[in-house]
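Structure record follows, encoded as structure tokens.
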Amino acid sequence: MSPPLPAFLLLVSIAFTSASVAPLRPGFYAETCPEAEFIVKDVMRRNMIREPRSAASVMRFQFHDCFVNGCDASMLLDDTPNMLGEKLSLSNIDSLRSYEVIDEIKEELERVCPGMVSCADIIIMASRDAVVLSGGPDWEVKLGREDSLTASQEDADNIMPSPRANASLLIDLFERFNLSVKDMVALSGSHSIGQARCFSIVFRLYNQSGSGKPDPTIEPKYKEKLNRLCPLGGDESVTGDLDATPTIFDNRYFKDLVAGRGFLNSDQTLYTFPETKKYVTLFSKDQRTFFKAFAEGMIKMGDLQSGRPGEIRSNCRIVNSRPVDALLVS
């Protein structure tokens, strides 16, 4: 039996299931900004040439945005004197990067079709394009989101999972958002590209579950490699590859989990937990099935909306200036 929902998660679940929101649809900007999807993909391509790691960084924006009060670009808002945003939350600080890529996309879109394309939709499009340009699956995105008027560091802290999370906790979290076990395992395949810090794994290497010993599920030779990369007392900001092909979106991530070479604890437990192991095994053997499940999961995650009032920001980092009368009415 699942444990009772924490108060915050209960409120989130109620918001997502009861809110009245505008329907999302493919081709939303066909008339108002027909070049939108081309512009997003072109800017992503240029940035990936300059900095290959930007692909993984931008792709993860969809996860970190949509799970916190829906896909509304709240994670892009900078802090203000009256608001602590999500950029310094536990799951984002020293982890998320490449915000400037979204800035560049937004600037180009504002030049071509000002005030039309939301930052929330940019995240959805850019995340998809990061996957495609890395060799992964393509899918048709649904668009028409508005940008939030606020953000909450506390909400991000309360909802986003830790690298120490296990498969059971991840299943529970994803189920709150009507994402199945299969969706969760497929979406964990986002770790097919990118890197993570030693900070996230030193406990696995030297003190798993407070035992003073390493995680016994780590393959011995891989553990030796990780020990050299992340020595006890060393620089925990050093990064390691999440799988053996960190710039190519493929099913190598799942093959590595089967072999005991998962970088993060939250990844490796997907193979040691019975309910998720079958999907890890399936995806490790069949890349096409993984690609299909991943695309389906990203579409479902993109449907998360809170129903809160929104706008189309002209700058993704700040809300638009509004007249005092409008603020009083709202």
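Including glycine, each Cβ sits where the backbone N, Cα and C put it.
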## Note on the structure
From the list Cys71, Cys113, Cys119, TrEMBL names as the disulphide partner of Cys33 the residue Cys113
#### Entry: Candidates Cys71, Cys119, Cys198 - disulfide partner of Cys316 as recorded in TrEMBL
Cys119
### Query
Apart from Asp65, Val68, Gly70, Asp72, Ser74, Glu86, which residues in this chain have a Cβ no more than 8 Å from the mean position of the Cβ atoms of those residues at the Ca(2+) 1 site?
His64, Cys66, Phe67, Asn69, Cys71, Ala73, Met75, Ser148, Ala151, Asp155, Ala156
### Query
Among the recorded positions listed here, His64, His191, which has the most company in the form of other Cβ atoms within 10 Å of its Cβ?
His191
### Task
Taking only the Cα atoms, work out how far Asp250 (Ca(2+) 2 binding site) lies from His191 (heme b binding site), in Å, as a whole number.
10
### Message
Checking the contact step here: among the recorded positions Cys33, Cys71, His191, Cys198, Cys230, which have a Cα within 10 Å of the Cα of His64 (active site, proton acceptor)?
### Response
Cys71
### Asp72 (Ca(2+) 1 binding site) and Cys33 (disulfide bond), Cα-Cα, nearest whole angstrom
19
### Message
For the C-alpha pair, I'd like the distance in angstrom between Cys316 (disulfide bond) and Ser74 (Ca(2+) 1 binding site), rounded off.
### Response
9
